[in-house]
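> What TrEMBL records for this protein is below:
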- His188: active site, proton acceptor (ACT_SITE)
- Gly12, Ala13, Ala14, Gly15, Gln16, Ile17, Gly18, Asp43, Asn106, Val130, Ala131, Asn132: NAD(+) binding site (BINDING)
- Arg93, Arg99, Asn132, Arg163: substrate binding site (BINDING)
- 157-328: domain 'Lactate/malate dehydrogenase C-terminal' (DOMAIN)
Amino acid sequence: MSPTPVHVLITGAAGQIGYALAPQVCRGAMLGADVPIVLHLLDIPPAEASLKGVAMELTDAAYPLLKGIVATVDVDEACKGVDIAVMVGGFPRGPGMERKEVMSKNVAIYKGQASALETHANAGCKVVVVANPANTNALILSNYAPKIPKENVTCLTRLDHNRALGQVSEKTGAPVSEVKNVIIWGNHSSTQYPDVNHGEVSGMPIRSAIGDDAYLDGEFVKTVQQRGAAIIAARKLSSALSAASSVCDHVRDWVNGTAPGTWTSMGVVSPGGDDAYGIEEGLMYSFPVTCANGRWSIVPGLKIDDRSRGLMDATAAELKEEKAMAEELIAAM
Ligand SMILES: NC(=O)C1=CN([C@@H]2O[C@H](COP(=O)(O)OP(=O)(O)OC[C@H]3O[C@@H](n4cnc5c(N)ncnc54)[C@H](O)[C@@H]3O)[C@@H](O)[C@H]2O)C=CC1
Ligand SMILES: O=C([O-])CC(=O)C(=O)O
């Protein structure tokens, strides 16, 4: 076991994703079975009693990797010395609500928490924003924490990526471990573009293995785009265990590297230009990435057909709109 614990912040820790995520982190699903951790759990004052209850349960679970818990409703205390920040806290989408509707509540939260992280987190802190609108919250956080390197602030689209893997697995009957290199382009919203054009299942191109382009261009795309809403309709609550598991996947691959020949999808700030498939510089956009030595790189040189180009641009347009709306909301604050 490495001697120095990694400090992992979970905001919104008394909520349902927090409740699913903390135990997974304590079992080593995020950083590895031999990496000790200290958990920093943040929530807001109305949830303080519940947060304490979560901390009590974590103590009671006697996780060997868990070396300490900071459970607090003080954002500055929560951010002190953190190495990984998982930003789950925010106002969730309810039945029938579009993600944009929750934006005004969340931009204010993310602007404030950016300053706390910038002031108190460790240099090199890696941030993943989960709370919706995830891309735009991450962009705001990045803009208001200018001392945190831009590449260290990301948003979660790994859940969408994993959903796409799951759909291909169900359709083909192959185990999900045999499916790789799907892509989620763009926004974590219903405009995202789940792309199978470069993916494989059991070593075969997904398009050949499924042999049904109408399904792949229609029902498959819709199912992945709408999966969050389908879970809300079924559970009357948004995805939690799958979101928590995907957060662990996101951070683990970022820190420990993606497997050779495999990429994942991450929302990252676009560097612009050809390396970013022409997506405007500065948008927080989901790309196919590989990770090594704690850094992500956009997968270069994928051939983009006209249909994909249109879908990639449409989700970029939504992100531009969200960005403008967030800027307006901030200016009016
Ligand atoms: N990117 C993704 O793939 C996914 C994103 N989400 C989003 O994740 C977020 C959390 O979802 P749930 O855990 O289900 O919601 P939840 O409502 O169960 O938990 C949210 C928690 O955040 C806390 N909170 C509110 N404001 C806060 C603040 N300023 N600082 C710290 N904590 C604060 C609340 O008190 C609550 O405990 C939502 O925005 C949801 O839409 C959910 C699933 C997938
Ligand atoms: O749809 C929501 O609000 C929750 C979410 O982001 C998802 O499950 O993808």
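Backbone N, Cα and C atoms are what each Cβ position is placed from, and that goes for glycine too.
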> Which whole number of Å gives the largest C-alpha distance between any two of Gly12, Ala13, Ala14, Gly15, Gln16, Ile17, Gly18, Asp43, Asn106, Val130, Ala131, Asn132, the residues noted as binding NAD(+)?
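The span, Cα to Cα at its widest, is 17 Å.
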> Looking only at the domain 'Lactate/malate dehydrogenase C-terminal' (157-328), what is the model's average confidence as pLDDT?
97
> Could you state the whole-number distance in Å separating the C-alpha atoms of Gln16 (NAD(+) binding site) and Arg163 (substrate binding site)?
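For Gln16 (NAD(+) binding site) versus Arg163 (substrate binding site), the Cα atoms are 19 Å apart.
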> Under 6 Å from ligand 2 by C-beta, which of these binding-site residues make it: Gly12, Ala14, Gly18, Asn106, Ala131, Asn132? Sequence order, please.
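Within range of ligand 2: Asn132.
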> Among the recorded positions listed here (Arg163, His188), identify the one with the smallest other-Cβ count within 10 Å.
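Relative to the other recorded positions in Arg163, His188, Arg163 has the fewest Cβ atoms within 10 Å.
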> Using all protein chains in view, find how many other C-beta atoms are within 10 Å of the C-beta of Gln16 (NAD(+) binding site).
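Other Cβ atoms within 10 Å of Gln16 (NAD(+) binding site): 18.
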> Cα of Asn106 (NAD(+) binding site) to Cα of Asn132 (substrate binding site): how many Å, rounded?
8
> Determine the most Cβ-crowded residue among the binding-site residues Ala14, Ala131, using a 10 Å radius around each Cβ and all protein chains in the structure.
Ala131
